[in-house]
Amino acid sequence: MLHPPPESWSPAAPAQHARKEPAGPWHSEAACRRDEAGLFFAPSREPTAHRLSREQAAKAVCARCPVLLECREHALDQPEPYGVWGGLTAAERRVMLGRRRRRDAAEAPPSMGRIA
Ligand code: SF4
């Protein structure tokens, strides 16, 4: 698993991060294979200033990761609800997914059941 959550992390939905299988074939090249600093997941009751600093540090790791795009697409496809994946925080991924949904809806052909 990529950057496993630290022991101090208390997830609302732990099963999704408790996967034992690699997230994809790109996993072996991940720059965060050993997240010893615990950068990618928030510990419980993390102060905002600490979270912002930690997320920036995680993003710096992502920026030099050779599998950033694969990781990002994986996190968007799942979707992964927590942590920094592919250089994006969970909030940033939610925004990106919302944009994709709106774009897809705008590009979809008109429904057969609707009469204009
Ligand atoms: S992009 Fe970031 S979160 Fe994804 S594998 Fe690379 S270092 Fe890890």
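The backbone N, Cα and C atoms fix where each Cβ goes, glycine too.
TrEMBL does not curate its annotations; it predicts them automatically.
Taken from TrEMBL, the feature [4Fe-4S] cluster binding site applies to Cys32, Cys62, Cys65, Cys71. Sequence-distant neighbours of Cys65 ([4Fe-4S] cluster binding site): residues of the same chain at least 6 apart with a C-beta under 8 Å from its C-beta are Glu29, Ala30, Ala31, Cys32, Cys71, Gly87.
Marked as domain '4Fe-4S Wbl-type' by TrEMBL: 31-95.
The region 'Disordered' feature in TrEMBL is assigned to 1-28.
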Per-residue Cβ crowding (10 Å cut-off), top of binding-site residues Cys32, Cys62, Cys71: Cys71
Mean per-residue pLDDT computed across the domain '4Fe-4S Wbl-type' (31-95): 95
